Amino acid sequence: MYNLFEKPFKLSNEQIKPVNSSSRYIKILAGAGAGKTEVLTRRIVNLLLNTDAPPESIVAFTFTDKAAKEMKNRVLKRIQEIAPQFNTSSILNMYIGTIHSFCLRLLQEHFDYGMYKTVDQNQEMAYILQNGYTYGLKQVEGSTYSDKCINFQKTLDIYYGEEIPRDNINELNPNFIKILDRYENSMNKNKIISFSQLIYFAVNKIKDNKEKISNIKYLLVDEYQDINKVQYDLIKQIGENASIFAVGDPRQSIYEWRGSNYKYFEEFSNDFSNAEEFTLNENRRSTKSIVNISNTIVKQFPDNPGYPDMVPVREKSGDVIATEYENASREAEGIANKIKCEIKKDKKYSKFAVLLRSVNTSGDLIIDEFKKQKIPYLVAGNAGLFKRGEVLALAQIFCWFADDGFWYVGRYKLTDNELLEKAIENWETTVNKLNNNIKDDLNHIKSSLNSYGDYRVLYQDVLKRFDYSALDQDNDLDNAILANIGRFTKVLGDYEQSVRYGGGNKNIQKEMKDLCWFINTYANHSYQEAKIEDLSKDNVVTVSTIHQSKGLEWQTVFLPSIINKRFPSLTHFKSNLMIDQSLYEYSRYETSLDSEYRLFYVAVTRAKNYCLMSNFSAYPTGRKTSESEFMRIIDKYEPVEDIEIETEDNFNSTDVFSIPVTSLIDYKRCPYHYKLSKEWGYTQGVSPFMGYGEALHYILQCLSEAIINNKQIDEHYIENVVNTKFFLPFASTQFLDNQKKDINKKIKLIFDTYLKNNKISEVESRIEFPVENAIIDGKIDVIIDKHGNAEIRDYKTSEDVVTKEEADMQILLYAEGLRSQGYHVTKVSTISIKTNEKNEQEIDDNIISENKKRTEGLINSLKNGEFKGKKSKFCDRCEYLEICKYKTD
């Protein structure tokens, strides 16, 4: 038995007990900063080291992808620290990730969803706005068409999340069922699936196919208080055959407005018999003053069942202090001045966060002051993206491109030259001065919109005229601007995809009108500047909604605008939904005083050392504000400039580095391309060929699985697989049929030459393995059994896409990963689908070792933030050539 509790630091007694428990069902009430991630980590390590649990039998659900990466990294580190001789390679075969990703994998691997793509909430809305007329949404009661589409999406989320029976809805709202059927048929036709559908479909599929989850023996669930009905049903189904280790804190349940229900956590012991309960009360994150105020806040909860107090562990001094300002402008100025003052003392911008009940309501003055004082920042929260001057300018330009284009500033409608002037003003105020011919340049673009191949070419031409290449990624302010422009291109990309499904006729000039409406009525109040995973990447101040900040922490947190009606806010849930309120627990979706106190608790517990709250006494009109009851909890008032913020603790970094092999190859090809594509998210345009490589791989996967299952395969079988499985979402029917004919010939040749006479042991095998200071993941096309030896095979569509050198690097990394897991890999091969040529090589330890050294060098460069462009033959094919500052003229 391994001692899990001493290294690299000793666990407390209250942490050891749940880690070591032998109970099948375990529930842990874990307060903020109580070290729950470490407890989950050690529990997994205990299963692996002391119970010999196969990694494949362990599933851990986390709330975010960032939390999943952190936990995976911790598990790997802890095993290396506790049992250095233990082979860590195979442990990554367990699943640690979000429930949504788990369900997507389940559907793809077991229920023929291999060609389906997920769409996020914004992409789904763009799709609904584009297709809602055909569903019948135009005829639904409501104000504007956009509002009807938004209400339809909200209804979908509740329908799938609450698992409301169709028959029940049909009795009261038969029209919704008709629209729902058209929507689902449309999504299915284009092989796309929304986030809210993922879990719903997975739960319904496994009800009659329990064997698909029978391998799961240990389920761990983080943030259990945030699960909704359909997630609860998934957990219940897995729990029929597996143990459950549930960690949560109802005090931090802040997502009821989108369906979560902390009652599932509170009733855990009723759902799972003989459950053992534990409590983690020792707060390791925050100073004593912050912990004490947090306990006081909890005591004010209207629905408090008697939560135990948290106990502070840290000896570090710190404070919770309130400041009252004359008005909101003075408040913003005071916060900015304080941050600037601390930066002069060699503190980093990233140590500070400004958390708001609503960025939309309370963020503008703070953001304006940060701009004025040149404080780099990122915004997380709905509408955050469009609070950036550079994004506002580009959005207004694209709206101006439309015939009769417009932009609303409050109730005032900007059009024509006035709109163009405003866009130029926003760019020049935020970024740089434009040349004197900029209006002529933009008018030329507007007059020739249909000459552009796709939106990527169009936005890059605009950026060229805006002197984009002069921006410096090594400058904190420019870096934020470059990142935000990338995020704006996603707005364009989401809309472009919505009009390209099925290969419809392209008319960019005509499409600009609908794009203008999409931006004005939806995008400008829905797109965030930064995802939660992005908040800690750069040296910037975070400006975020409290909802977005959950799970994060900062040395110093500012909580401004704590005035009555803003925080707490008692904005009621507006039900313009398309189903009757009696069909679901309507009241849970409403904002209540109890939910506002929980939000306040979350906000305060994000702070490690200092929590600086503030309010102001008068609105800009001169009308007096009224005091928030939250401020009455604080008994220490000081001017913010008088507060002495002490030197920060040196906390050990928990930054996680996990990367797919394909992304590593992208970085090897050109670090700047990687930065633009993978980190900043610049879109690459829509083409009828998008998804071609994945479709080919899926065809070969289906045929390889048929070989494993001893199916009789002839040319008719192959033709049927191609005709039923090959799919390109943005291709017309004629284009798709032509491709199928071509693919049918290529696949038959590949099958006859390389597949039919081989003993295939595994297909599309997922692999994750450690390489020095990183976790690399990928998917191996085929593993062939050669009398006890293994050959790894990878299919490539063309050397125009992946060079031989890049393909070799990828497949040798896969060989290293499989070897470390006990496979005797002696040969690797790549096959060109285009030419039917095979490239193979025998491998040995030296070949693997040399490839590993090159890989480690790339990883170190990437971790060190080296993103300078690399000039190569790839440049001619680069999607970002026109805006690349490193290209050769």
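One-based numbering along the chain as shown.
Placement of Cβ uses the backbone N, Cα and C atoms for every residue, glycine included.
Automated prediction, rather than curation, is the source of TrEMBL annotations.
As written in TrEMBL, here are the features:
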{"type": "DOMAIN", "residues": "9-287", "note": "domain 'UvrD-like helicase ATP-binding'"}
{"type": "BINDING", "residues": "ALA30, GLY31, ALA32, GLY33, ALA34, GLY35, LYS36, THR37", "note": "ATP binding site"}
{"type": "DOMAIN", "residues": "288-551", "note": "domain 'UvrD-like helicase C-terminal'"}
{"type": "COILED", "residues": "417-444", "note": "coiled coil"}
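Secondary structure at ALA32 (ATP binding site), as computed by DSSP, is coil. The highest number of surrounding Cβ atoms within 10 Å, among the binding-site residues GLY31, GLY33, GLY35, is found at GLY31. When each of the binding-site residues ALA30, ALA32, ALA34 is scored by how many other Cβ atoms sit within 10 Å of its Cβ, ALA32 comes out lowest. Surrounding the centroid of the Cβ atoms of ALA30, GLY31, ALA32, GLY33, ALA34, GLY35, LYS36, THR37, where the record places ATP, the chain contributes additional residues within 8 Å, namely ASP249, LEU280, ASN283, ARG284, ARG285. On the 0 to 100 pLDDT scale, the model's mean across the domain 'UvrD-like helicase ATP-binding' (9-287) is 95. With a 10 A radius on its CB, THR37 (ATP binding site) counts 18 other CB atoms from all the protein chains. There are 21 other CB atoms within 10 A of the CB of LYS36 (ATP binding site), with all protein chains counted. DSSP assigns THR37 (ATP binding site) to a helical segment in the three-state reduction.
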